[in-house]
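Taken verbatim from TrEMBL:
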BINDING   99, 100, 127, 128, 129, 130, 174, 203, 206, 228, 258, 284  pyridoxal 5'-phosphate binding site
MOD_RES   229  N6-(pyridoxal phosphate)lysine
Ligand SMILES: *Cc1c(COP(=O)(O)O)cnc(C)c1O
């Protein structure tokens with residue numbers, strides 16, 4: 001049995017330097033939202049901005065808006081707004097397409113820069129789309145030009161030279177594992193890869209906006225990330241791509257669309273890539289969606305990402321501590337690293353009934369998610385998750401476990417999206 005000291009949690013919220021940021025967000029009524037690692041919540045400013053783009057710009061100004069409202073530069077403007085969040089100097093980040101598509105572009109470009117080397121090394125438990133993109137490229141170019149090797153995370157850390165060596169063209173690493181929340185020491189792995197002449201592509205899907213990232217300082221070569229998780233850009237919002245300045249001049253990505261041309265409005269029949277980050281663009285940017293991203297990013301104005309990280313750790317440690325005070329806790333096996341520095345901003349628990357428990361939580365307005373085979377994930381978004389939220393979430397979980405309400409048949413029904 002346990003009882004949660006809500007007065008103490010309220011005090012922690014009161015002392016929280018990020019507490020005021022919560023007011024920027026639309027928090028669904030009576031809801032504890034622990035799924036910002038999958039789809040971040042909407043800010044009030046985002047709703048206003050989308051209305052403005054639709055009702056005023058598009059409706060009144062039509063095509064003139066490309067110039068009048070600077071739509072044409074939105075991908076670069078948003079890219080430069082994301083840049084400081086991921087430790088990049090201006091001119092190296094642009095907003096476009098999805099992580100998947102951007103990965104295809106940077107993978108191809110990186111392999112081309114490495115003529116001779118053909119091996120792409122990644123982790124076995126990487127997010128599937130990352131591996132699929134390498135597999136697709138390998139099918140297109142042939143195994144002789146691009147071959148994927150996947151390695152266990154522990155093995156790559158324990159014996160980096162065995163897997164990242166003079167045969168390696170590209171290392172594709174996701175900083176935070178989507179299933180376990182484990183965080184890889186990127187700086188160290190990048191240094192190792194560079195020492196043997198390999199290039200590194202970093203996937204920041206679960207990092208951008210959740211913790212400090214230092215792409216320039218780590219000397220990453222390329223990076224991709226999405227804007228709909230911790231950056232709160234909206235469902236399917238356009239992603240971002242980073243190319244280190246030193247590679248821009250020699251860059252050659254294969255999805256050579258007119259927006260990546262040196263002079264898109266010259267309508268030249270022959271492709272001539274822009275020698276700036278704009279080369280990463282392919283077709284016409286999705287302005288309504290990108291405007292939402294632009295507005296959502298304003299929530300990060302004045303935010304110290306070190307503070308975000310500290311609060312993320314404090315929230316996750318609080319969750320573990322409160323959970324541990326209940327008898328049912330032993331049935332939840334935490335598969336995330338015990339050391340918070342080795343985690344992202346989520347906790348994952350293995351439980352035989354994880355799916356049904358997750359459904360029961362959602363019915364109780366505690367939004368978590370489920371990942372196969374049997375993991376319950378809870379994400380912490382320091383800009384809007386409060387310490388009180390964690391108390392309420394654990395209390396509602398406790399009620400579900402103690403009453404075994406998750407055993408009801410309606411919670412066993414599998415939905416298309418988990
Ligand atoms: C969420 C996520 C993706 C999603 O890719 P999309 O192309 O945006 O659908 C890719 N990689 C990782 C590591 C992710 O966590």
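Each position is counted from 1, following the chain as shown.
Every residue gets a Cβ built from N, Cα and C, even glycine.
Here the features listed in TrEMBL are placed on the structure.
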residue	record	DSSP class
99	pyridoxal 5'-phosphate binding site	helix
127	pyridoxal 5'-phosphate binding site	coil
174	pyridoxal 5'-phosphate binding site	strand
206	pyridoxal 5'-phosphate binding site	coil
229	N6-(pyridoxal phosphate)lysine	coil
258	pyridoxal 5'-phosphate binding site	helix
### Query
Rounded to an integer, what is the Cα-Cα distance in Å between residue 129 (pyridoxal 5'-phosphate binding site) and residue 229 (N6-(pyridoxal phosphate)lysine)?
16
### Euclidean distance between Cα atoms of residue 229 (N6-(pyridoxal phosphate)lysine) and residue 99 (pyridoxal 5'-phosphate binding site), Å
12
### Sparsest-packed of the listed binding-site residues (127, 258) - C-beta count within 10 angstroms
258
### Message
With Cβ-Cβ distance below 8 Å and at least 6 positions apart along the chain, what are the contacts of residue 206 (pyridoxal 5'-phosphate binding site)? List them in sequence order.
### Response
37, 174, 175, 176, 177, 178, 181, 229, 230, 344, 345, 346
### Residue among the binding-site residues 129, 174 whose Cβ has the most other Cβ atoms within 10 Å
174
## Note on the structure
Cβ neighbour count (10 Å, all chains) around residue 229 (N6-(pyridoxal phosphate)lysine) is 26
